[in-house]
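Taken from TrEMBL as is:
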{"type": "DISULFID", "residues": "Cys182-Cys211", "note": "disulfide bond"}
{"type": "DISULFID", "residues": "Cys183-Cys199", "note": "disulfide bond"}
{"type": "TRANSMEM", "residues": "48-72", "note": "transmembrane segment"}
{"type": "TRANSMEM", "residues": "87-109", "note": "transmembrane segment"}
{"type": "TRANSMEM", "residues": "121-144", "note": "transmembrane segment"}
{"type": "TRANSMEM", "residues": "237-263", "note": "transmembrane segment"}
Amino acid sequence: MEEDNKTGHTSRNIKKGHEYKETKTAMFWRRAMGMGGAMDSCGRCMKFSLICINVITLIGGAIALAIGLWVWTSRSFSSTLMSNNMFIASVGVVVAMGVAIMILSLLGCCGAAKEVKCMLLTYYILVFIIFVVMLVGGILQFVFREKVLTTLDRELYASVPYYGVKHEYTKSWDDTQTYLQCCGVKSPNDWHGNLPESCCREAYPGKRIDCKSNQNPTTIYVDGCLDKVIEFLREDAVYVGTAAIIVAIIMLLALILSCGLFVKIE
């Protein structure tokens, strides 16, 4: 009986020793992987908030991507007429960063949920870089709104001689005049009698009135394209710039929370 008790006691000690070794091994690997242990209520709140912020950032990145692609594909028809391509370049920055933000927000969610410090550190560095790029891209959109006033009229006049000579200029002028229902830079007189068919009003979609033999306000567009293009591009700049700055502000919150959570993980 006494021998059985000693055997049972020895078995329990061996079992406890194994459990202790397993615990130390687990702790070693958690530390090696940068995974934290228990956190206080403040740390848990930061963790939950960071996950929520990343979900919002994912949605914001998708919205920025959608707006950027919409402007790029369907509303950049007049870009060929402008020698200064800062507008399209800044839209491209927002589109690329929208994709990067969506991918990065998934990394942030995983890092916060698993409490992996190395993932959080990587996330923090990448978010900071994208935050700066998004902020600059958004500001460029608003800068472009003012710059366009000083250069657009000169660029439009410079492109008029290329109509009918270079395909890209011909298509861009036709698309601009059709979409904005305008003609010439400031008036139809800018075409010096060589009036493009796209200046003719449409009797119905796809069918234009013959305006070359009878030019009057009922057959041609009388408004110039300059003012309409300026208004159009300013509107686009507001859409893309506002989306970029809002996402940048959300990412600033993610930066603060990720930094706090990194410190809280033991």
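Glycine residues also receive a Cβ, built from the backbone N, Cα and C atoms like all the rest.
Taking a C-beta cut-off of under 8 Å and a sequence gap of six or more, Cys199 (disulfide bond) has these contacts in its own chain: Gln177, Cys183, Gly184, Pro188, Trp191, Cys211, Ile220, Tyr221. Same-chain neighbours of the transmembrane segment (48-72): 88, 91-92, 94-95, 97-102, 104-106, 108-109, 112-113, 134, 236, 239-240, 243-244, 246-247, 250-251, 253-254, 257-258, 261, counting only residues six or more beyond its ends whose CB sits under 8 Å from a CB of the stretch. The candidate set comprises the disulfide-bonded residues Cys182, Cys183, Cys211. Of these, Cys183 has the most other Cβ atoms within 10 Å.
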